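Everything on this sheet refers to the single structure shown next.
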Amino acid sequence: MDQTNLRRCLATYFGDEKNINHILKKTAGPDQMVQIYQILTTIENPSHSEQDNFRRAVTMVKQNQLGWGHPIFQPEQQKISEENDFITCPYEVSEGVLRCGKCDCTKILWFSKQTRSMDEPTTIFASCSNCKTRWTE
C-alpha cells in the first residue's frame, strides 16, 4: 500500500494531519504495514467500546508497544535477553571450587543465576566435565 492510500486509511480514524504524520513516523520501518494493521484492528475490536479501543491504540503508539514492543511478547523477549547474557557471560570452568558427588572430579562447568528473591543467594547450576552429572546448589 502506498503512502497516499495509507494516509487515507488512517484519516478515517485520525482526522488531523499532525496525528497521521506522528503515526507514520512512529511506525516507520520494514514492518510498518503490520504495525498499522495492529493499530486498526485494536480500534475495530468489537469486544470493547470504540472509545476504549481508540484509547488503547493511542497508548500503544505512545508507549512503543507496536510489533515486538507489545507486552504479549515480554516473556519471549526475556528469553532472548537471557540467551544474549549467556553469550556475553559464558560458563566458567574452575578446578577445586566445586566437586562432583558422583565421580569426585574437580573440573566443573558452572554458572549462577538469580532464581529466587533478591535477598536470597544465587542458584549455582553445575555440570561435571568428566561424567556429565548435573546438579544445583
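Every residue gets a Cβ built from N, Cα and C, even glycine.
Among the features that Swiss-Prot reports, Zn(2+) binding site is placed at C89, C103, C128, C131, with the record citing sequence analysis. Taken from Swiss-Prot, the feature zinc finger applies to 85-136.
Locations of recorded Swiss-Prot features on the structure.
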| residue | record | DSSP class |
| --- | --- | --- |
| C89 | Zn(2+) binding site | coil |
| C103 | Zn(2+) binding site | coil |
| C128 | Zn(2+) binding site | strand |
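Taking the zinc finger (85-136) as a whole, pLDDT averages 82 in the prediction.
Each of the binding-site residues C89, C103, C128, C131 was ranked by the number of other C-beta atoms within 10 Å, and first place falls to C128.
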